[in-house]
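As recorded in TrEMBL, the features of this protein are as follows:
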{"type": "COMPBIAS", "residues": "7-19", "note": "compositional bias 'Pro residues'"}
{"type": "COMPBIAS", "residues": "32-42", "note": "compositional bias 'Pro residues'"}
{"type": "COMPBIAS", "residues": "51-62", "note": "compositional bias 'Low complexity'"}
{"type": "REGION", "residues": "1-62", "note": "region 'Disordered'"}
{"type": "TRANSMEM", "residues": "165-188", "note": "transmembrane segment"}
{"type": "TRANSMEM", "residues": "194-218", "note": "transmembrane segment"}
{"type": "TRANSMEM", "residues": "230-253", "note": "transmembrane segment"}
{"type": "TRANSMEM", "residues": "259-277", "note": "transmembrane segment"}
{"type": "TRANSMEM", "residues": "311-328", "note": "transmembrane segment"}
Amino acid sequence: MQRSTYPNPPPAHSPPLHHPVPQHVSTVPQLRSPPPPQPPSQPHSAYGFSQQQQPGPAPGAGAYGAYPNFGGFMNDPTAQMGFQIGKSAVDAGQQYVEQNLGRFVSVSALKHYFNVSNSYVVNKLYIVLFPWWHRPWSRQQRLSNNGQDGYYLPPREDINSPDMYIPMMALVTYILLSTLLAGLRGAFHPELLGYTATLALSVMLLEIAVIKLGTFLLSISSSSQLLDLLAYSGYKFVGVIISTLLSEFLSLFLGHRAAIAWIVFLHCYLANAFFLLRSLRYVLLPDQSAGATPGQGYTVARGQRNRRTQFLFVYSYLVQFGFMVWLSRV
């Protein structure tokens with residue numbers, strides 16, 4: 001088989017290829033590494049002002065001179081006059097509160113009950129929940145400068161001294177916990193806060209009225225103050241909070257209130273009753289000689305002492321049981 005011949009032989013060299021030339025030329029930016037950081041020559045303040053830009057405090061500017069002037073606002077006479085008026089209003093309000101509060105209770109005496117420490121709070125809570133192993137129960141006293149008058153040590157220095165910090169925190173916690181549990185059950189309404197607070201305060205006031213009536217009928221004269229009784233009446237909320245939390249926890253996971261919840265309630269109730277029984281002895285049973293240290297009491301007859309012991313037992317066990325059951329059902 002022979003190949004067909006072409007009339008025109010192919011050229012010896014083929015024409016060169018032409019590549020398309022782009023009409024729009026794009027320039028690729030050259031990437032360069034950033035320059036090394038330079039150490040700051042001058043420290044800057046928290047507001048972004050350098051030390052050279054912060055003018056010194058103007059005379060009479062007070063503590064406001066430590067901050068930037070923000071365009072001279074702090075140095076404005078009108079602003080300074082406004083600060084002076086606000087300070088005078090705050091001082092007048094504080095003085096008014098102290099004067100009106102002093103009609104009912106001494107502010108210095110109230111500060112005595114809040115003079116606590118972290119170690120005192122922890123140890124006091126342990127005594128309230130497990131009082132059977134605590135010794136001793138007597139309150140410590142200290143003589144004044146004249147060597148004749150005595151006064152009780154603050155809670156920070158005496159573990160047996162009553163305080164207002166734990167009862168107040170327990171009262172607030174009880175109110176918030178009751179409303180929280182009601183919200184989890186779908187029964188919360190705004191009036192529940194006021195109702196729970198009113199119930200708790202009413203229980204405390206009724207308890208104080210009971211013990212004051214008992215001291216009046218039994219002719220008990222003691223150096224204890226009303227704030228002591230108010231403090232002792234607030235310790236029951238610690239046991240109520242623990243028993244309520246455990247009861248709701250068991251009812252949430254087990255579907256019913258188990259017997260262990262009642263065991264915990266009885267433990268908290270018996271602990272609170274024994275705690276009050278031993279702590280209130282210096283109020284209801286001041287059985288010391290007349291020549292003892294001032295504020296320690298006097299000798300009473302045997303029959304009167306028996307009546308006081310019975311009243312203390314009824315108050316610590318029967319009255320407290322009714323109040324704690326009432327508070328736990330909220």
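Note that Cβ sites are derived from N, Cα and C of the backbone, with glycine treated the same way.
Whatever TrEMBL says is automated annotation, not expert-curated.
Computed from a predicted structure; not experimentally measured.
Ranking 194-218, 230-253, 259-277, 311-328 by CB pairs under 8 A with the transmembrane segment (165-188) puts 230-253 at the top. Contacts between the transmembrane segment (194-218) and the transmembrane segment (311-328): present, as 3 or more C-beta pairs lie under 8 angstroms, all at sequence separation of six or more.
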